[in-house]
């Protein structure tokens, strides 16, 4: 008798995706982050659903409703901090997942890569709108500053900003619509994840060597399910430790002050996972130029496949490219640090240098060094 998992219409899909899926035998722990992101998304949707049962999206009561969740709801503080720090975990896994794709040349699967970029934008939009909901000082001023950037768009900018605000400033209408979109977008993300996996399973997974592994495949279950479960345990342990011992470590103290349109915080900054893009935005004195650089800092990922000049797919056997890759990582850490600093000397010039280096490495140095490595191969 044929196993039900291979014949049942629904189980058949699950089976071909998670059980009998042929996977390369050489996948390292860097391939764990896809499944970890799935767990992060599940945690965020579940905790978010329960938080939404107690939250009110009204400027008069939003801040107090979050306080009520933390003080009066059974384990409300756990839900709230799991959700807030779960977002940080989500972005740590996201950036490591993208970094893995860049290092091992996974971007040559262009459909999977492009859907991944869409996912990155969708998750960033969701996180930004979620940060506005507690209606603290940084929520309010962060929303004001970031939405105001759209006014840099020629001709329609000002009208567009007022349309998004639902008035002449960030107010009740803005908060209500941000809550609506923050609730909706994770389900859009979940749908995009399905498309991402669909495209991935069309081609099969890449592997650390970048060499086709059709002749050396193993079933996903039990080998990689066990490996993924270990990843889940490590990540959930780290998340639990953060939530139970230092829940406010990655947050901003200003967000414990209720939003006040008449008082500007000394340093307006977004959450830590947006600081690198915020530093690039601030490093250009022109408003429109800054906005374009901000968008391009993420959108540049879309042209990475076109800039691939190497005869080898992975960086595993390309030491010069590896040096450049880790320089890029160092530049991103520098930008993240600069994004959290005040706009004064020497931070301004460091931010500008790091921003130039960021675009220079991806657009010029990576393709050039790949061409050099190709020449070295033929020696």
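FYI, residue positions are counted from 1 along the chain as it appears here.
Positions of Cβ are set from backbone N, Cα and C atoms, glycine also.
Feature annotations, courtesy of Swiss-Prot:
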- 83, 182: heme b b562 binding site (BINDING)
- 97, 196: heme b b566 binding site (BINDING)
- 201: ubiquinone binding site (BINDING)
- 33-53: transmembrane segment (TRANSMEM)
- 77-98: transmembrane segment (TRANSMEM)
- 113-133: transmembrane segment (TRANSMEM)
- 178-198: transmembrane segment (TRANSMEM)
- 226-246: transmembrane segment (TRANSMEM)
- 288-308: transmembrane segment (TRANSMEM)
- 320-340: transmembrane segment (TRANSMEM)
- 347-367: transmembrane segment (TRANSMEM)
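Annotated features, which come from Swiss-Prot, shown on the structure.
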residue: 83; record: heme b b562 binding site; DSSP (3 states): helix
residue: 97; record: heme b b566 binding site; DSSP (3 states): helix
residue: 182; record: heme b b562 binding site; DSSP (3 states): helix
residue: 196; record: heme b b566 binding site; DSSP (3 states): helix
residue: 201; record: ubiquinone binding site; DSSP (3 states): helix
Criterion met for the transmembrane segment (226-246) and the transmembrane segment (113-133) (at least three Cβ pairs under 8 Å): no
Among the ranges 33-53, 113-133, 288-308, the one whose Cβ pairs under 8 Å to the transmembrane segment (178-198) are most numerous: 113-133
Out of 33-53, 113-133, 288-308, 320-340, 347-367, which stretch has the largest tally of CB pairs under 8 angstroms to the transmembrane segment (77-98)? 33-53
Just counting, how many other CB atoms are there within 10 A of the CB of residue 196 (heme b b566 binding site)? 21
Which bits of the chain, at least 6 residues beyond where the transmembrane segment (33-53) starts or stops, bring a Cβ under 8 A of a Cβ in it? 69, 79-80, 82-83, 86-87, 89-90, 93-94, 96-97, 100, 182-183, 186-187, 189-190, 193, 228, 231-232, 235-236, 239
Counting only residues 6+ away in sequence within the same chain, which have a CB under 8 Å from the CB of residue 201 (ubiquinone binding site)? 16, 17, 21
Taking only the Cα atoms, work out how far residue 182 (heme b b562 binding site) lies from residue 196 (heme b b566 binding site), in Å, as a whole number. 21
